[in-house]
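Working notes, beginning with the structure itself.
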There are 2 protein chains.
Amino acid sequence: MADHQEPGSEADEAQAAAPAPDRDEDDFLPRRDLLDRIDAAVEAGDTDALNALLEPMHAADIADLIERLHGAGRRAFLTLYSDQIDGEILSEIDEAIREDVLEYLPREVLAEAVREMDSDDVVDLIEDLDEPERAEILAALDDSDRAAVQQSLAYPEYSAGRLMQSEVVTAAEHWTVGQTIDFLRAEEWLPEQFYHIILVDPRRHPIGYVTLGRLLASRRDVPLRDITEDSFRTVSAYAEEGDVAYAFNQYHLISAPVVDSDDRLVGVITIDDAMSVLDEEHEEDILRLAGVGEESAITDSVFETMRQRLPWLMVNLLTAIFASLVIAIFDETIQRVVALAVLMPIVASMGGNAGTQTLTVAVRALATKSLTGSNVWRVVRREAIVGVLNGLAFALVMGLVAWIWFDGASLAAVIGIAMVVNLAVAALAGILIPLGLEKAGADPALASGTFVTTVTDVVGFFAFLGLASAVLL
Amino acid sequence: MADHQEPGSEADEAQAAAPAPDRDEDDFLPRRDLLDRIDAAVEAGDTDALNALLEPMHAADIADLIERLHGAGRRAFLTLYSDQIDGEILSEIDEAIREDVLEYLPREVLAEAVREMDSDDVVDLIEDLDEPERAEILAALDDSDRAAVQQSLAYPEYSAGRLMQSEVVTAAEHWTVGQTIDFLRAEEWLPEQFYHIILVDPRRHPIGYVTLGRLLASRRDVPLRDITEDSFRTVSAYAEEGDVAYAFNQYHLISAPVVDSDDRLVGVITIDDAMSVLDEEHEEDILRLAGVGEESAITDSVFETMRQRLPWLMVNLLTAIFASLVIAIFDETIQRVVALAVLMPIVASMGGNAGTQTLTVAVRALATKSLTGSNVWRVVRREAIVGVLNGLAFALVMGLVAWIWFDGASLAAVIGIAMVVNLAVAALAGILIPLGLEKAGADPALASGTFVTTVTDVVGFFAFLGLASAVLL
């Protein structure tokens, strides 16, 4: 693809970016001066120089480069480079900006790119597109590829059926090692990466699989049946992708055959797909816990960023006003003992933090399926005990601080008791709210944080100010 | 391993737990009634029944089962089952409880278990053990395995050298496909799973690799050199495990050869190891953001849980007291206008939430290396603009609420201005604090949350109360 040879030095540089002794982590990223040179080539409108610079780069790194560009910069880049974008780069580009990129692709480049892609990547590409673009891409595919993509799209979103690729290597159940090797040698087309040969019966029901290592190590006359793996398990095309990813992680699967409702083989899911799903689920958890829309990306525009965050801030405003209403009940008490206004945020803040700690551990445990029926009550009990003990510890510390600061033993007692109450409630809210959401079929990470801090603010203010008005007045 | 045949029905049930059409997600977990039957067998002290129930279960599920047991229950289980624990189960058990389990293993069972483990699993098992236990396990290994484990342990913690397994399948660079297949058929020992044949020169420098699929599909007389993969890259044994995991994810690697400082092949890292590292890093991020020790596990005892959480709550107490000192400056103002005490938590809370949103997106982007030198200023600018715009939006809403609630236009203006200031500061703190920590070589997730909310509490209280005392009095 490089049109001339001079920039060989840059090519070497990019190669050197592969991890090697005595290199630091930044070597996993394209080097800064390479990026500068790419910028310069784009600015100069020098297609040849740009192609030569990008030629040695991995598709994933080129995709990242495109993601990091913005506005005019991205447009300029795509105008120069669009005819070099292949299926690999296209499947690496983040969903959020894919439509932008598609607009710049000459139709024949796009058609060529989708023809090289595995069916799962095509599905991933077109499932979010509007009808005209979708139809255009489908039209570019061969009949059999198109049928495979359409079959995949017929399964629900986020199902194994959407995640699988239809390119599968199968063998008849009665074949020997030798027959299988001869078949593979004769086969014109094989997937880029495959890790198992799936044994199927005449009705295409998968009945076992053989690892390629085992196949290679066995004599030609050995029947495939004799060397199948114990770990064989199939995945329903209707299974939820999160559960599939869990199974890959839990059972160290490398690929898994996917079957339809008649138990017939329809595709295969490989570990890189499972890894992406795990990554996305983690992203969702961490963003949802923080009250950020789960599709947030660092590449979002100002407008998109606001759209992701405003709703949660609005919810937070409502709950903050709700907590303020509790304070307002006790406004006369505060007017008489202004120390209460000084100290009350401490009680609320400690509750909020303790609740968030419990919540995060609970959400993570639910996500990894390590908090289940069999240990849930033990965990709830542990959290409650920890809440009370932490409450007692901080009651002591904060009681002393309040006593010294405001010279009042009753005030010290009030803040101490409020601290124990709020930290115990925080612990319970932190575990019971995500469990409740999970039970109700919702994502335990979603809005949990807001619920928990609402509880700890309200309880914190109420316990502290309520006790104070009873004791101090 | 099953000593009698009657419990075949339970075995079938556990098999049925494999994902299949029309099954829901809970089928990925051992079924509740199976767990009850296991409990009953443990209680009855019935070793045969227990073995029969566990026989069809995957090692990973048995490990989870042991993790979920506690105290006397776990002791009873291990007493009955300890002689059935093999290398697979042992490598699946969580670090936190591994030492407990080791205590129960008869020495010869332990020796047998470690002999079946790959070298990376042995390293993982013994790296946290004390000297006597470590020596005992090393003594159980064959000389060559022991040497491999010791070589691995010589690399720094969290390095690729610790993560790799020394079991590698290599071929001489001049071999043909046929020679390689003959070699594999003749070889007595091969790793359980391997995905590439690594070509080495006579000095054991890796010079390329061939996928097993490619090997199988090629004629016997094809030289290996002609079918090596372009994606070939080596990893230094000294590389940080997080960077290795990043490379696997970014470049869709399935295995990567590890080289020492002389570029000689010392082992191979496979994708399941990379997946575990990614998972651990996710866990660290999410727990650190919440101010929970990153080794927290749902299986921890009350004491361990407190040890993980108290320090962060203590830090939070100090910062909360610091924020209270700001309030104390304005105690006279509050006494005169008690509405300030009612409204001030709203300003602080909105700042805290907005800051956490920005922070979480930034920490996640840093973890996935998508926030780098080339786009950092654009992102900072975006966050600042979003902060100001969100501030203006909520200034309007909250100004109106305050106006209606307390019937004061000046109070409405004060809370509006404070809101804009605090949300702008929140946005900047949310992005600059993690960037600063990263720059300083610290984990951007660590303590960021506390820093950010301290900033937003202090600025929120100061802006609101300071403005109020200037304007309202």
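Cβ coordinates come from backbone N, Cα and C, glycine included.
Look at TrEMBL and you will find B:1-28 tagged as region 'Disordered'.
Among the features that TrEMBL reports, domain 'CBS' is placed at B:227-284. Along the domain 'CBS' (B:227-284), the predicted structure has mean pLDDT 92.
Below 8 angstroms of C-beta separation, residues 291-293, 340, 344, 348, 447, 450, 453-454, 457-458, 461-462, 465-466, 468-469 of the same chain, each at least six residues beyond the ends of the transmembrane segment (B:310-330), sit close to that stretch. The transmembrane segment annotation in TrEMBL covers B:310-330 (among others).
The annotation transmembrane segment is assigned in TrEMBL to B:336-363 (among others). Tertiary neighbourhood of the transmembrane segment (B:336-363): same-chain residues 285, 289, 323, 327, 330, 371, 379, 383, 386-387, 390, 394, 398, 402, 405-406, 408, 411, 415, 418-419, 422-423, 425-427, 429-431, 433-435, 444-445, 448-449, 452-453, 455-457, 459-461, 463-465, 468, 472-473, selected by CB-CB distance under 8 Å and a gap of 6+ residues from either end.
Residues annotated as transmembrane segment in TrEMBL: B:384-406 (among others).
Annotation comment: TrEMBL describes B:412-433 (among others) as transmembrane segment.
When Cβ-Cβ distances below 8 Å are used as the criterion, the transmembrane segment (B:445-472) is approached by residues 284-285, 288-291, 312, 315-316, 319-320, 322-323, 326-327, 329-330, 333-334, 336-337, 340, 343-344, 347-348, 350-352, 354-356, 359, 363, 367, 408, 410-411, 413-415, 417-418, 421-422, 425-426, 429-430, 433-434, 437 of the same chain, each at least six residues removed from its ends. Look at TrEMBL and you will find B:445-472 (among others) tagged as transmembrane segment.
Panel annotation: around the transmembrane segment (B:384-406), residues 339, 343, 346, 350, 354, 358, 412-413, 415-417, 419-428 of the same chain, lying at least six beyond its termini, place a Cβ under 8 Å from a Cβ of the stretch.
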